[in-house]
Amino acid sequence: MHQLNKNIFITDFKVFGGVIMEHKKGREGFSSGIAAFFATLGSAVGLGNIWKFPYVVGENGGAAFLLIYFICIIFIGLPVMISEFYIGRKTRKNVMGALELLAPKRKWKSIGIISMLASYFIVFFYSSVGGWVYSYVFKAIKGDFYEVTSKSAQDEFVRTIIGPIPPIIWQVVVVTVVSLILALGVKNGIERITKTLMPILFILILICDIKALTLPGVGDSFKFLFKVDFSMLSGSVILMAMGLAFFKLSLGMGCMMTYGSYFTKKDNMMGTAAKVAVSDTIVSLLVGIAVFSAVFSFEMKPSSGPGLLFMTVPMVFSKLPFGTLLLLVFFILASIAATTAMTSMCEVVIAYYSEQRGMSRRKAVLLNAVIILGIGVFATLSADASSLLGKFTIFHMRLFDLFDFISSNILLPLGGILIAIFVGYVIPKEDIKKELSNEGKLKLDKLIDAYYVILRYVTPVLVFVVFLSSLGVMEKLIKLFS
Ligand code: TRP
């Protein structure tokens, strides 16, 4: 607490009998627990559920992978998410401001720097994929997916990513939509949009699943997702599952810290974290059931890789009765997911620009859009292997893959482990207990104790394994190609 007091004169906090209170005016936040839940879910549910989850589960053999993924969510995802919420809500500041306030040593501020770098690296390639998804909505409306064959599905995807102009235009469209939401502010923008769109997204997924239940492949899809075959497990499968857990729950880069800083002091942070993790997993499973039921009904392989969403899905869905309509529904839901997730990534830096750098929110949003498009365009152009930029590689990765690799495999695990160690070993336990239990109003003693033990002794060890393996992969890659 004395550490906090020391900073009082440079913050907008006041101390009343040792309890830190915030000035009411000046900073926006979510208006209720439900709003906080939907906003956080809007961040978690994204292209990760719709694009990454099905293909990664498909490539790694299904149920055994899922089981490991669930374990990662419980032992890594939840503790890191709760810790990020703690840092955010305790300080009610952007990532850099929060660490400045809480951290006794300047080195902890590196978490903030890692966070911001990771936000940008992810947004650079995420906005490309977001653009493809938007363009598929447009194509579905135009009726481009009528009677799709495997060849035409592939051609369509290649046309989508080949530049220079169309993918860039779609990227500009996505960034513009996200910027407009951000410019409206935390309450009028993020809160209102997620509260409206998340229930719609859920209904659209249910429509796809109801259709899936009528397909012959539905039994096989359940078997694939839920019948565990341990022979499929290997070291690399376990590591993949951990990486996916980070990406899925938007962890390790201050996203949940920033959103946590908008929670009210009445919100139950542990409850919100659990609800978000469970809901996000349900969304992934529902998308998985829809996708794999269609895939198995046409005797296709589930393991077709990143093209599953953009090639296999249009092909199999278009063969169903009302298939083109279903495709439209599916890509609309993917666009919603991509938009709300991207909004959350950008909010990390917007909060920083406006609170630490004193910019107006509008200026911050504009600057952010210019940076994303200025660099993200190169990621988009590099996705086309035949282009000039597609041939340009660093560590034998195209820019698109490099941005994904640096963020998911290096920066997120690094951010995650530092957050776990910081909250687990630097913050006094009493402080954590007080904040998580809302000054004792919530009776969560046993849960908080369990969280604390896992945070200190389980999470960092597991994350360390992911992190090392990422570096190992990098070394191998460098060796392999040098
Ligand atoms: N969770 C989102 C998804 O599944 C992506 C995302 C949003 C994210 N914010 C993040 C990933 C922060 C990592 C870190 O698509």
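Keep in mind that glycine also has a Cβ here, set from the backbone N, Cα and C atoms.
Annotation comment: TrEMBL describes 30-51 (among others) as transmembrane segment. Counting only same-chain residues 6+ beyond the ends of the transmembrane segment (30-51), those with a CB under 8 A from a CB of the stretch are 126, 129-130, 133, 186-187, 190-191, 193-195, 197-198, 201, 244, 247-250, 255-256, 259, 262-264, 266-268, 272, 275-277, 279-280, 283-284, 287, 306, 308-309, 333-334, 337-338, 340-345.
Sequence-distant contacts of the transmembrane segment (63-87), counting only residues of its own chain at least 6 positions beyond either end whose CB sits under 8 Å from a CB of the stretch, comprise 56-57, 98-99, 102, 224-233, 237-238, 240-242, 244-246, 248-249, 251-252, 254-257, 259-260, 263, 269-270, 272-274, 276-277, 281, 416, 419-420, 422-424, 427, 432, 435-436, 451, 454-455, 458-459, 462-463. The transmembrane segment annotation in TrEMBL covers 63-87 (among others).
Panel annotation: around the transmembrane segment (108-129), residues 46-47, 51, 95-96, 98-100, 102, 167, 171, 174-175, 178, 252-255, 257, 338, 341-342, 345-346, 348-349, 352, 371-372, 375-376, 378-380, 383, 400, 403-404, 406-408, 411-412, 414-415, 418-419, 422, 426 of the same chain, lying at least six beyond its termini, place a Cβ under 8 Å from a Cβ of the stretch. Summarising the annotation, TrEMBL assigns transmembrane segment to 108-129 (among others).
Below 8 angstroms of C-beta separation, residues 28-30, 127-128, 130-132, 134-135, 192-193, 262, 338-339, 342-343, 346-347, 350, 361-362, 365-366, 368-369, 372-373, 376-377, 380-381 of the same chain, each at least six residues beyond the ends of the transmembrane segment (168-186), sit close to that stretch. Taken from TrEMBL, the feature transmembrane segment applies to 168-186 (among others).
As annotated by TrEMBL, transmembrane segment applies to 198-218 (among others).
Listed by sequence, the residues of this chain that lie at least six past the ends of the transmembrane segment (238-260) yet keep a Cβ under 8 A from its Cβ atoms are 36, 39-40, 43-44, 46, 48-49, 52-53, 56, 60, 65, 68-69, 71-73, 76-77, 80-81, 84-89, 94-95, 98, 111-112, 114-116, 118-119, 122, 269, 276-277, 280, 284, 341, 344-345, 347-348, 351, 407-409, 411-416, 419, 462-463, 465-466, 469-470. Annotated transmembrane segment per TrEMBL: 238-260 (among others), in sequence order.
Tertiary proximity for the transmembrane segment (281-300) is limited to same-chain residues at least six positions away from its ends with a CB under 8 Å from its CB atoms, namely 45, 48-50, 53-54, 57-58, 70, 73, 201-202, 205-206, 208-209, 211-213, 215-218, 220-222, 224-225, 248, 308-309, 312-313, 315-317, 319-320, 330. Summarising the annotation, TrEMBL assigns transmembrane segment to 281-300 (among others).
Remote same-chain residues near the transmembrane segment (320-353) are listed as 39, 42-51, 94-97, 112, 115-116, 119-120, 122-123, 126-127, 129-130, 133-134, 136-137, 140-141, 143, 145-146, 174, 177-179, 181-182, 186, 189-190, 193-194, 197-198, 200-201, 204-205, 207-208, 211, 215, 250, 253-255, 257-259, 261, 290, 294, 309, 313-314, 359, 361, 363-365, 367-368, 372 (criterion: CB distance under 8 Å, separation of at least six residues from the stretch ends). Annotation comment: TrEMBL describes 320-353 (among others) as transmembrane segment.
Taken from TrEMBL, the feature transmembrane segment covers 365-385 (among others).
According to TrEMBL, the feature transmembrane segment maps to 405-427 (among others).
Taken from TrEMBL, the feature transmembrane segment covers 448-473 (among others).
The list of residues near the transmembrane segment (365-385) in space but at least 6 beyond its ends in sequence, with Cβ under 8 angstroms from a Cβ of it, reads 120, 123-125, 127-128, 131, 161-164, 167-168, 171-172, 175-176, 179, 182-183, 346, 349-350, 353, 359, 391-392, 398-400, 403.
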